[in-house]
Amino acid sequence: MMFPDASPGDQIMRTFTRSTRRETINSVGFAFWLVLAVVTFTAAGWLTWAAGQAREAARSAQCVGNFKQVGLALLNYESTYGSLPPAYVADAQGKPLHSWRVLLLPFLGQDSLYAKIRFDEPWDSPNNRELHAMRPSTFFCPSGPEAAEHGFTSILAVVGPRTLFPGSGVPGRLTDIRDDPESTLMLVESDNAAIHWMEPRDLVWGDMSFRVNDRSRPNISSKHALGEHRGAHVATAADGMASLPDDRPPGDIKAMLLIDDGTKVDLPLGIRRD
């Protein structure tokens, strides 16, 4: 039986139907690849973020370990000599020559480096400058590798009256503490002070800001992630470690640095013990 040829209208309809079907398939395919691309980029971004968080957590843990080593060395020094080291070693005229960090070298397993230092010359004399490239890793936090490359330490004392480092060549003693040693700060972290580890210089009470991460003045600072905030590590006089977030009130930080102000600092609020 013979069927008549399709009419022009039928041919147009078939062509339109096939075209529509192809467009639908192409649209579905495009949507699939678009969704796949979005998921891929999102996953890659999350993995990058997670890897960065893991690296920072590892750097922060190493920084805590370095603080603990230096803090323990200070306590061993105090046990050996009856006092903490002075903030700096001075010459007969009172000019600072060397940092307390240099005096700790024998307590950090750095006896050979300690033996090479000319204590009768300034820390930056030609002879002592030859030692500047020898950077004990204990005095640095890996979160600031650029600073470490220049020998800039991350671990500082706060020098001033009624602190554990009163300055003027006078050593502090743990027996001088009248407040709770567990909330009295002995060492603080600073990632922007630009102080060489051998340099007889630290944060100074009268010149510093007591707000964590206040970049307008020398201060306690770092970028460790502490929940919703950033913060810095500190070591206490009771051989403890804590982390100060950048929303910690300046008054609390002052109280923790002083050894005899009588202010009770509530540790669980804004401070994390390790």
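Glycine is no exception: its Cβ is also placed from the backbone N, Cα and C atoms.
For reference, TrEMBL has these:
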DOMAIN    53-150  domain 'DUF1559'
TRANSMEM  30-49  transmembrane segment
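Sorting each residue of the domain 'DUF1559' (53-150) by its DSSP state yields 55 helix, 7 strand, 36 coil. Across the domain 'DUF1559' (53-150), mean pLDDT in this model comes to 90.
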